[in-house]
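Below you'll find the structure, written out as structure tokens, and then a few comments.
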Amino acid sequence: MSPKSLQWGNLSSPTMFLLLGFSSAYRAWVTLCLCFSLIYLVTVLGNLLIVTLICLDAHLHSPMYFFLGHLSFLDICYSSVTLPKILGDSFSPQKTISFVGCITQIYFFLCFGGSECMLLAAMAYDRYLAICHPLHYPALMSKKMCHCLVAISWLSGSFSSLIQALLTAHLPFCRSNTIDHLFCKMPFLLKASCSPNAPLNKAALYASAGTIAMGSFPLSLASYVHIIRAVLQKGAEIQRAFATCTSHLTVVSLFFGAGAIVYLMLHSSGSKETDEVLALLYVVVTPMLNPTISSLRNGEVKGAIRKALCRGVFQMSTK
């Protein structure tokens, strides 16, 4: 089936999009598929391990691990929105996605990405309270407060992505039904749109997306400015407590830094294949590294893993 044979429901609502992705001559694609399949498996298993440990081990029922559990769950969802479809299309001669499926993919991709931005800001605020206000920390970061911050993170990401998905869904498409990418992304749908108000729609979409990113990053940055200032003033007294922040600071730098690089490269003059590999790295590699950086190097998490393994071995031996 050729791209021209894909039918349109009407001018403003195509029934199907063709995902061009990598060209058929791109020889490294098979190797990339195998690599990304392995990375996705490690991402899901690693983050699932963190979620399970935090749920089962009472020693990990603290605000920091409560947030880490939600971060791991978000990483699983974030990768799962796009990668299974990409890997499935790699073995299909016709890489298509329905209009509803495309809008749904955009919604969940932006929802999980925006929620993670806000959750990272909440985690930075948690570390700020733990280090700068240790005596008041149990009262300030209560169980109710933890649930409120997580709820705000999810609601912010959901509301922002809903606006963007609805605006995109109501764009008229008459130029082409092809998306020159591996999965549905707003910039590529905007290129295919023939709306007379395209600049206005584009501004509204990017303003909505930027509100989350540009709102959460300064909050994280401000929290760490106060933390570093407190460490410099008090020195060795809270130096050990600051060690708990380094992993989260690394995750924040990786998430926002890699995102900035990817989106700058997507609008540069680099090759199409390079841009798509970078987009895949951001979608897959970053969620894979998060559990390793933020949890699996932590002594308490290692202890929980050892206890779980010992418990499993003991149960098997008794049987």
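Note: Cβ is positioned from N, Cα and C throughout, glycine not excepted.
Just so you know, TrEMBL annotations never went through curation; they're auto-generated.
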Of 15-36, 37-58, which range does TrEMBL call transmembrane segment? 37-58
Would the transmembrane segment (106-125) count as touching the transmembrane segment (37-58), i.e. at least 3 C-beta pairs under 8 angstroms with sequence separation of 6+? no
To what whole number does the mean pLDDT across the domain 'G-protein coupled receptors family 1 profile' (46-294) round? 81
Are there residues at least 6 beyond the ends of the transmembrane segment (277-296) whose Cβ is under 8 Å from a Cβ of it, and what are they? 32, 36, 39-40, 42-43, 46-47, 49-50, 68, 71-72, 75-76, 78-79, 82-83, 86, 181-182, 185, 247-248, 250-251, 254-255, 258-259, 261-262, 265-266, 302
